[in-house]
2 protein chains.
Amino acid sequence: MGATMTETSEAPQPQAGPQPEGDARRVLKVALLGGGTVGSQVARILLDDAEALAARAGARLELVGIAVRNVDAPRDVELPHGLYTTDAEALVGSADLVIELMGGLEPARTHILAALRRGASVVTGNKALLAQDGATLFDEADAHGAELNFEAAVAGAIPIIRPIRESLSGDRITRVLGIVNGTTNFILDAMDTTGAQFADVLAEAQRLGYAEADPTADVEGLDAAAKAAILASLAFHTRVSLDDVRCEGITNVSAADIAAAQDAGLAIKLLAIAELVPLEPADGAEAAHDGAAGAPREGVSVRVHPTLLPRTHPLAAVRGAYNAVFIEAENAGSLMFYGAGAGGAPTASAIMGDVVTTARRLLAGSPGRTGTATRTLPLVGPEAVTTSYSIGLEVADEPGVLARVAAVFAEHGVSIETMRQRIDGAEPASEGAGARPQGRRAELRFVTHRASEAALAATVADIKNLDVVESVTSVLRAEGV
Amino acid sequence: MGATMTETSEAPQPQAGPQPEGDARRVLKVALLGGGTVGSQVARILLDDAEALAARAGARLELVGIAVRNVDAPRDVELPHGLYTTDAEALVGSADLVIELMGGLEPARTHILAALRRGASVVTGNKALLAQDGATLFDEADAHGAELNFEAAVAGAIPIIRPIRESLSGDRITRVLGIVNGTTNFILDAMDTTGAQFADVLAEAQRLGYAEADPTADVEGLDAAAKAAILASLAFHTRVSLDDVRCEGITNVSAADIAAAQDAGLAIKLLAIAELVPLEPADGAEAAHDGAAGAPREGVSVRVHPTLLPRTHPLAAVRGAYNAVFIEAENAGSLMFYGAGAGGAPTASAIMGDVVTTARRLLAGSPGRTGTATRTLPLVGPEAVTTSYSIGLEVADEPGVLARVAAVFAEHGVSIETMRQRIDGAEPASEGAGARPQGRRAELRFVTHRASEAALAATVADIKNLDVVESVTSVLRAEGV
């Protein structure tokens, strides 16, 4: 271990072997990069709970400084002014353990790499950096025997990184479904509750502080996509970066989509989905296991999109800005982890869990390994993934329309599970009934069995070309229906 | 580290420092004690998934034997007959890592202690032993630098032990509410769904295999109490044993209780509850933090009892035999962990997560610390805990009854939050209305504000003595109402 540890003079202790917990004579120097909402809370906890943390970690965690851009900027939490510095480089050079909460790619990346090269351990919540360039950081940590922990990068306070890396390390995870962005869950939940349109709810969310002035990263699904890449890498022991994630946001989800979902006993959630996909269709070949010789027989699909879920699904009950991650594993079955996905104090809780755990291992003399990639699985595109779809159409209210639309589905091999018809809000008329008022429109909602994206796209294109179809009002994927 | 590690002859490796994952030339000898449902699944995974496990653990995990009482007994899973032995002692003496799945106090305790004394690490799911004598095992593990892990002891496949010990180690947990017994949750959920009585649902649960022929340990709450002791010890960094847990089962929960709860928007769950309780009432004294000097200002209350929960509470949605643990922490806020609480494969998943994680640390040369007790908090009895209560009464349908009952509550300082009245299933009549048929009975249901158990008990005793009260039909505690 390359980290230096300071000991106070009164009672030197041997460095090797486990130390009694509660021995606070040893000191670990902790540097904090970033003094924003989360950083302030982390500093507050390090200072206020110093005795309890020392008892649990086995050493005093001494906050040696907080690197910020402007030492005189106003802060949420009042801390000793002398802790602030603009010299992040020098701060990193003096620490056993570096907490990076600057966010963004640079200079966070440079400081993390500098710390790891010194053998200092790093705790970070930087999802963007991890999703973009995690492999470089993991390799550097392992090369220098340093720890890199990042529980706060996904789903705030919810313990999810450690359970996947450790608790489920003896199982085979097959699928991860996550509500990992609080802003979009807040918006979709409010649309579901009030019946309002996306734009109105977004404006309200901005007013309440649940959405940023520029909400792009949230509502377009980019924030969720970074988390999906991290979850997929850990769950499947392979490497997935942000560029591998197909991403669709919630800006096109309409009040009508939500109402139709409610009618059908469904809820719409923005899900980060990562799943193992067999590469060879069932032809008697054995399922691939990692570590097996030869070409991999399975690939990974990682995507973010609005998704219909049955209201009985545990994820459908996740309200407001809460997050939750649902995991399916071969032996464990279905698991769910639920909690606050953002906010200063909850995120600080995740950071501090990593800090105490990392400190314990530093004191024991051996870091945990960071890299969990034991294999390279191919990323599979939409062509290899099948999903159920919900399709909304506005059609002329004429006899024979349903038959013509159904024929297009059949032509592309897309099987229909359910159909609902609504005529200008009235009760549905039976297909082929007598004379109807000229120019009336009907709304049709289909839910399909699992179909490939290619087959679905071809179906939708041909349906659009039917003269009786006014418009395709929505196309949504569904899980668990 | 005292465990011996075997290396195959072809390529000796240094023992110190992290090894690349996927290096399967090193071998860890694994002994399995117990060949029952979970043991069979663990052995199956060790044999079938050997390559993937070696890649993740960094060493081949070699199953050297399975200790059973009768090597020729029929088994659920077919395994090589040569693995079975009746000589558990010799098996333990040959292993780097011992998986104990015998259950019960002896001989499990003896074998675990023997393994730890050799410096071998132990993974166990033995909740009874941990709840009874965990402190001895933890001390022995720490004294010999061995690991003792027990994720499977609470809530089956759900990662809960590791999140509490590690992910939340930088936070201050204030309360744990757990549905940790699948049998009782199955029964209460079925009573809720069907309206049937406890005895009928229990018989059905026994027929379906959800309840044992002798269901005492489950329905009397003893199984949940053992888990409550383990959760409380870890959450509050103190030592709690089974004897410290107050325990009440579900045998007295009636169909009428369930129906009344439904009417009030509540569900009845058997909860394991562990919470910090301030020892000095709010008089300006600061809240105690662990590690602080002087007498502790807070204590721990640990109990198991049927509990009313609002149907909107995340725990209320836990159906069938599923388990869930709800945690409140100062910074993280509310968290919930949900999944399968029992069964061979799910429990084996938890065991194998511990096995792989323990193996990684053995290879890194430093075990994790087992003991998490950093302080000794007093256990507080019912007198220091306040709860809301729901009380059901059968009373004479006469003018003035409600006033007389309400006066008794007031006398003992117990404040009433809501009251519902039902007269032989009919609509409630207003208090003090005109003449009513002689001998008619009414049912009153009160929900109180938080009150001490002593005040509640005195209230109930005095209410029973009122001549207008036929009987007290139920007294249930409530959380979160």
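Heads up, the Cβ atoms here are built off N, Cα and C, so glycines get one too.
Per TrEMBL, the feature region 'Disordered' maps to B:1-22. What TrEMBL lists as compositional bias 'Low complexity' is B:10-21. Sequence annotations record features per position, and here TrEMBL assigns NADPH binding site to B:Lys127. Per TrEMBL, the feature L-homoserine binding site maps to B:Glu212. Annotated domain 'ACT' per TrEMBL: B:390-477, in sequence order.
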B:Lys127 (NADPH binding site) and B:Glu212 (L-homoserine binding site), compared by Cα position, are separated in whole Å by 18
On the domain 'ACT' (B:390-477), the mean of the pLDDT values is 84
Mapped onto three states, the DSSP assignment of B:Lys127 (NADPH binding site) reads helix
Taking DSSP helix as H, G and I and strand as E and B, the domain 'ACT' (B:390-477) has 23 helix, 35 strand, 30 coil
Note: in the chain of B:Glu212 (L-homoserine binding site), residues six or more apart in sequence with C-beta under 8 angstroms of its C-beta are B:Thr183, B:Gln206, B:Asp218
